[in-house]
Each structure stands twice: as structure tokens, then as C-alpha cells.
Amino acid sequence: QRDSVKMFSCCVVLFLLTTWSSAGCNPSPVLGDVVVDRYFIPKVCAREAKEGDYVRYHYNATFIDGKTFDSSHQRGAAKVGLLGEGRLIAGIDKGLQGMCVNERRTITIPPHLAYGSTGAVVPPDTTLVFDIHLLDLWNKADLVITKTITTPKDCKRSVMRTDFVRYHFNGTLLDGTLFESSYTRKQTQNSLVGEGWLVKGMDEGLLGMCVGEIRNIVIPPFKAYGEKGSGKEIPPQATLVYDVLLVDIHNPKDNVTIEDQVVSESCTRRSVAGDYIRYHYNGTFLNGVTFDTSYQRNSTYNTYIGMGYVISGMDQALLGVCTGERRRVIIPPHLAYGEQGAGDIIPPSAVLVFDLHIIDFHNPSDTVDIQITYRPEVCNDTTAVNDLVRYHYNCTLVDGTLLFSSHDYENLQDAVLGADKVIDGLDEGLRGMCVGEKRLVTVPPHLGHGEKGATGVPSSAVLVFDIELVSFEKGVPPGYLFVWLMDTPENLFEALDINKNQEVSQEEFGEFIKLQVAEGKGRIKPGLTMEQVVTDMFQNQDRNKDGVITANELKLKVDEDKEREQLRHEEL
């Protein structure tokens, strides 16, 4: 029974190779054809091998008894051949016809389609069995094949020759073997297009791509690495398949591009070199990925422009802007961070996109800007240094953001002008006003709260005050509590000594001062009560602190100042 099984197996094999001449298992001298067993066929077969095609394949070659006589695996390199040109043994040439990449088949070849009766590397009249795995397939007439997988809806620019591109890719051989990936490196591939930096097929395949587009590019070997291959990863005569995601595109000749400008109709001033500017921004790459934003920090970016404090592209982009303007700025890498990038945030050769909102700008030479919005027809007196002013105000940023308002408090705002009670710019803006007058006062930061800002006031902010003067009191020079508006009495002590006892009490002193003010002959320091002024002045004159002022103690303030000045000169 065992012998009959053997005989049956032999018959199956020989049936495939010969025709029957009689009963039993005897091969006929009539020779048969190649027998192909397609034992694995891939689900997707883009093309089948035909005459004129080049093929690259691995094989194990055995005799009928299973003994191996040759193997590409043992050689360490796949076999490359041209079909239909007589360069392969006839049986292999026929057996590879119609084969798909990644297909596996067994090809059984009779001697007359192998090495015949003469043999060569095998004994004469030997039937050969090849186990084939097709790895690659191409034709000299092949072109680079591109297929767009996804593309953005809005494509304003596509790749042209001489452009510089950044892209991610997965690179595989035609059988799906991965040979390289930019994702593994966590860094894009960066290159000029059409300048010989890339293989010819990639130069062609990238043309016409948009940022954000994903494209499949199939490159035949003669437009890739050809007969030499590349390192250990890309064998000779390998078709390359790239799945490419275009991240970035620019041209070395590009300049700054400005888009989507929104400018206020009330723009009366545009920025120039040397101005100090405050702006908010969102910074993204061309693919929309954000790398930085001032909004998350809740703080504007503040800088001088046109002086090299920022990247040159931003220096250009910030010139000629208006307060409140919004604009999108696209900066090529040679005007940004160049081939080096910036740390882990901005990769080399990256195009940067900034969406800007200009908050305000000023120049260090700016002065206070005063616009009178209302002035009474009758104006007999105006505010000056040392006056006590009372006013209402709203304080805003240039964009209208309200910071403070006197209307939020029960009492009016008051200040003595020139006494450092308010910021310098507001002090200046309150001078020369009539009661009832209204003004818009724009204060640059160097006359406001400066680079440090204040509670509720951003650093380097231009401030706008909407002011209405409600009332004011004329003031006195610094250090004075009372000033004469007319000539001083010839004998001041006699005028003070009402009861003529050669002493002046605080009551007498007070009565005299009140009378001078009432008659318009003098005035006291604004902001103080009459009692405060009288008490302070009397204590200053009562030099021995005995409760009365004598003629020897009494001195006018102006005389005291002269004596001090004389002593100072004598000391010098």
C-alpha cells in the first residue's frame, strides 16, 4: 500500500510535466509546458508583468526532490531581469508573465525550457522548480505616477521649480517595505525642487502640490536610485513609493506677503521706523499649526520697529500700520529664522504666518496730544501750575478699552497741577483749561506709566483721557500757604496786632488772614481749610513757641527765602 501511494504521488508530479503514453506511471518522451501554481495572490494588483517589463524578485530554486541548488536569499540580493528579451531562461520568462507585485508562485520548468540536455549549472534533462516572490515591476516607458489622496479647499500656491519645500513622507519599496520615514526622524525633509537636490522622480512628483496636500508618488528606478540603489535600504533597480504631506513652500526670492488687511477709516497716522509698537499676534506655520500666541500670555508683544529688535520680516511687516489694524503677514524663512530655526519651536527653513492686531504705537519724541472737543464761549480764567483742579475723566487705551473712570467714584478727581499728583501727560493736558471745557488728551507712555505700567495699565501703553473741567482754584507757589494779590502792608506787624499790645495771638492772626482773603487781597493754598492754613502759618511764625508772635519773630516767606539763599552762598 505504501508503494502505491508513492506511485500515485509520482504520477501527479509527472502528469504536470508530461503526457501519458500507456497505463501506469511512465512519463512520455513528449515534452510539456511550464506549470504555474499561484499559491498567494495579493488582493490589490495594480499591474501584471508582461513582455518588455523589468522585474525584481526573490527565488528559491530546487530539483523535483526538493534539493536546493540556488537561492537569491542566500545570495543576499534579489534577481533583476527583463521579460521577453531572452535574458532569462525560457521557463522563468514564461512563468513570470501575468505576475503581480507581492504575488508568490511556484514555477515548475521542464528541461527544454530550462537548461536542456546539456545542463550547465544543473545536470542534463533536469526539471527545475522555482519558488518566486515578485518584489518590483517597471517598464522603461513608465512615468512618475502621482495620486492626490487629500487636498485643501483653499490652495493659493502650488509647488514650482526653484521653490523650497518642507514635507513629511513615508518611503516604501513597491512591495510595501518601509525604507525611510521623516515621521520617525521627527523632522521634515527640506529641499529645493528642480535643482538636483532630489531624485528626478521626486522633483517631478512634488510639482503642483499645495500645502496640506497628501500625495502618493510612485517613481520608477531609472528616476530614482537606478542600478546602484542607495545604502542598505534601497536595493538596485527599486521602484520607490512615497506618501508625501506637504508642510511648507516658499521661494528664495519671496518677500514678506501681507494679506487680509482691515484698516480703520479713522487712521490718521501710520507707523515708521523708530516707533515703539504694541501688538497681539497668533503665529502659525503654513499648515495652520500654532507655534506661539500673545493671547495665551494675555500680554501684547512690545518692541521698537525698523531697528532690528525683531526678525527682519516682522520689522518690514510692522511698518506703515495703523492703530487698530489687523493684517496677516507671511514671512519666508530667509526673513525669519532661516535654516537654523529657533529651538524646538520653529523648525529649520519654516515659513511663518502671523495674524497681527495693532493695539497702539508711539514714538519716543511724541508729546501730549490735546484735542479740545468743547470750550465755553466765555472763558475769563484758565488753569495753570499750582492750581487745584477738579474734573471728570474716562481713561481708555487707544482701542477704546476703558481702564478707569471718575464716574465710578462719589467725588470728583482733583489734583494740584505741577505737584506730581498725576502722570506728567495728564498734568500737561489739564493746563490752560476753562471751567466746563472738554478735551481728549492722548498721553504717550514716557509721559504716562512707562514701560512698567501700573495696576490696571499695561506696560508701554498709550493712554487717552476724556476730560471735563468742573472747577478749579488758583494756587500758590510751592512751599507757600498764603500769597498776596496786592502790595503787602507797609508795617505788617502793626496790621496784625489788632489790640496794639505788641503781641499777635493766633486769633488775631487768623482774623487778619481771613480779612485779606475776603477782600481779595490774598489767597490761601487750595485744598486746605482756612483753619489749617492759619494754624500752620502761625506755628511757623511763633518761633519760640510761646503762643504769640512778636515783631522780632515775624518774617515774610519771601524774606526767609532770601536769608536762606544768602546763608547758602556764605557756606559755599
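Cβ from N, Cα, C; glycine included.
Copied over from TrEMBL:
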- 1-23: signal peptide (SIGNAL)
- 52-138: domain 'PPIase FKBP-type' (DOMAIN)
- 162-250: domain 'PPIase FKBP-type' (DOMAIN)
- 274-362: domain 'PPIase FKBP-type' (DOMAIN)
- 386-473: domain 'PPIase FKBP-type' (DOMAIN)
- 484-519: domain 'EF-hand' (DOMAIN)
- 529-564: domain 'EF-hand' (DOMAIN)
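The average pLDDT computed over the domain 'PPIase FKBP-type' (274-362) stands at 96. In this chain, the domain 'EF-hand' (484-519) lies close to the domain 'EF-hand' (529-564): three or more C-beta pairs between them fall below 8 angstroms, excluding pairs fewer than 6 positions apart.
Through the fold, the domain 'EF-hand' (529-564) approaches residues 479-482, 488, 492-493, 496, 502-506, 509-510, 513-514, 517 of its own chain, all at least 6 residues removed from its boundaries and within a Cβ separation under 8 Å.
Residue counts for the domain 'PPIase FKBP-type' (162-250) by DSSP state, with H, G and I taken as helix and E and B as strand, are 14 helix, 38 strand, 37 coil.
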